[in-house]
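Participant: As annotated by TrEMBL, domain 'Lactate/malate dehydrogenase N-terminal' applies to 31-172. Residues or ranges marked as NAD(+) binding site in TrEMBL: Gly36, Ala37, Ala38, Gly39, Gly40, Ile41, Gly42, Asp62, Asn121, Ile144, Ser145, Asn146, Met255. If you look up TrEMBL, you'll see Arg108, Arg114, Asn146, Arg180 marked as substrate binding site. The domain 'Lactate/malate dehydrogenase C-terminal' annotation in TrEMBL covers 174-338. If you look up TrEMBL, you'll see His204 marked as active site, proton acceptor.
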Amino acid sequence: MAAFLRAAKGLGQAARAMGRAMSIAAVPERKVAILGAAGGIGQPLALLMKMNPACTELALYDIANMPGVAADVSHVNTRAQVKAYSGDELKECLSGADVVVIPAGVPRKPGMTRQDLFKVNAGIVKSLVEEIAKTCPTACINMISNPVNSTVPIAAEILKRHNVYDKRKLMGVTTLDVVRAKTFYAERMGLNIGEVDVPVVGGHAGITILPLWSQATPSSEILKDDVEQLTKRTQDGGTEVVQAKAGKGSATLSMAYAGALFADACLRGLNGQKSVIECSYVESTACPGVDYFSTKVRLGANGVEEIYPIGDINEYEKEALDSMVPELNASIETGVKFAAENK
Ligand SMILES: NC(=O)C1=CN([C@@H]2O[C@H](COP(=O)(O)OP(=O)(O)OC[C@H]3O[C@@H](n4cnc5c(N)ncnc54)[C@H](O)[C@@H]3O)[C@@H](O)[C@H]2O)C=CC1
Ligand SMILES: O=C([O-])CC(=O)C(=O)O
């Protein structure tokens, strides 16, 4: 992110800084589509992607308020060409997309769980992925819409039905959990936040979010109380924001940051950069008995090129892992069942 924010000061400037031999044409053309782009997440995410020099075409789709937001973002003097799409223009928006980011759908209000969003968001995700399957089946899909634990399996079932499912291209965005874990860990331990890494495994809801403090770097002695407190705060990070916003939605700015980080990682992988590693919720065998699971993955020219195992974990983490499995499986099953019953 820091790299692309710096570079976003102007591609011309960046190209000059890299020497005259390096021309803008050396950056491959990449189209990013954002579905739900006029929403709380969609707007700042659109701005961040407009600032990313790896994005050359930014296609913004929403069912409401799209022209104004797109006109606004389009005035930012960076390379990406911005186009607005609404209503029946989804196909045009998706045509030729390399990365499709989906933050379309309703957010939580206080007292709701992410699973309570299923009824509305499952149908929205289904209709959007149906069009992706027809129009840009090889694009990397970054699923943000909640409940991610179910919307990713829904998307997979729809893509399978269209015979275009490639498990390397479908990714649930769990980056915000990692962003939060890093922030809370650095704060608590007094570490330099820029140097901190904390893998977060599992899914993206409550106890299915499992930060692995035993693998955090730089390593630090964490007292038992801290482990429980930091784990709970990371698991409840979304709820903390929902309560603070008191009925006005859920995390949007930190999510846009996290979504931009993950989309940027996908673009860097597609563009051939080596060792692009992020956590993501994907079809996986990392946790036996669970079909979709988030661990660190390596992103490359074909999307998810490698899924890393959970790795060594301590007793506390093993117990937490065991206790998340039934909830994660129930959410996956709900998504698969919805797709089967809604053809
Ligand atoms: N994966 C994660 O870590 C996170 C996920 N979320 C989820 O992201 C989703 C969006 O959140 P916000 O942006 O805050 O909500 P929002 O309500 O502010 O924006 C959603 C946007 O989606 C649009 N939309 C609805 N149906 C659509 C359709 N069929 N096609 C295109 N656009 C459509 C709406 O018009 C609206 O502009 C929610 O489901 C929320 O729970 C939120 C934060 C973190
Ligand atoms: O909590 C929510 O509803 C939104 C979300 O997924 C998060 O902030 O992690």
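Glycine too: its Cβ is placed from the backbone N, Cα and C atoms.
Please treat TrEMBL annotations as automatic predictions, because they have not gone through curation.
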Participant: Given the binding-site residues Ala38, Gly40, Asn121, Ser145, Asn146, Arg180, return the subset with CB under 6 A from an atom of ligand 1, ordered by sequence, or none if empty.
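Facilitator: Listed by sequence, the hits are Ala38, Gly40, Asn121, Ser145, Asn146.
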Participant: Provide the three-state DSSP residue tally for the domain 'Lactate/malate dehydrogenase N-terminal' (31-172): helix first, then strand, then coil.
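Facilitator: Per-class counts: 65 helix, 26 strand, 51 coil.
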Participant: Mind running the binding-site residues Gly36, Ala38, Gly40, Gly42, Asn121, Ser145 against ligand 2 and keeping the ones whose CB falls under 6 Å of it?
Facilitator: none
Participant: Using a 10 Å cut-off between Cα atoms, which of these binding-site residues sit near the residue listed as 'active site, proton acceptor': Asn121, Ser145, Met255?
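Facilitator: Neighbours among binding-site residues: none.
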Participant: By the DSSP assignment reduced to helix, strand and coil, which category contains His204 (active site, proton acceptor)?
Facilitator: coil
Participant: Do me a favour and check the Cα-Cα span between Arg114 (substrate binding site) and Ala38 (NAD(+) binding site); whole Å is fine.
Facilitator: 21
Participant: If one measures from the C-alpha of Met255 (NAD(+) binding site) to the C-alpha of Arg180 (substrate binding site), what distance in angstrom results, rounded to a whole number?
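Facilitator: Counting only the Cα atoms, the answer is 10 Å.
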Participant: I need the most crowded of these binding-site residues: Gly36, Gly40. Count other C-beta atoms within 10 angstroms of each C-beta and give me the top one.
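Facilitator: Per the Cβ count, the most surrounded site is Gly36.
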Participant: Using DSSP and collapsing to three states, where does Met255 (NAD(+) binding site) fall: helix, strand or coil?
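Facilitator: Met255 (NAD(+) binding site) sits in a helix per DSSP.
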Participant: Find the longest CA to CA distance in the recorded NAD(+)-binding set Gly36, Ala37, Ala38, Gly39, Gly40, Ile41, Gly42, Asp62, Asn121, Ile144, Ser145, Asn146, Met255; express it in Å as a whole number.
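Facilitator: Among the residues the record ties to NAD(+), max Cα distance equals 18 Å.
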Participant: Near Asn121 (NAD(+) binding site), which of the binding-site residues Arg108, Asn146, Arg180 can be found within 10 Å, Cα to Cα?
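Facilitator: Candidates kept after distance check: Asn146.
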Participant: Could you check what DSSP calls Arg180 (substrate binding site) once collapsed to helix, strand or coil?
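Facilitator: Looking at the DSSP assignment, Arg180 (substrate binding site) belongs to a helix.
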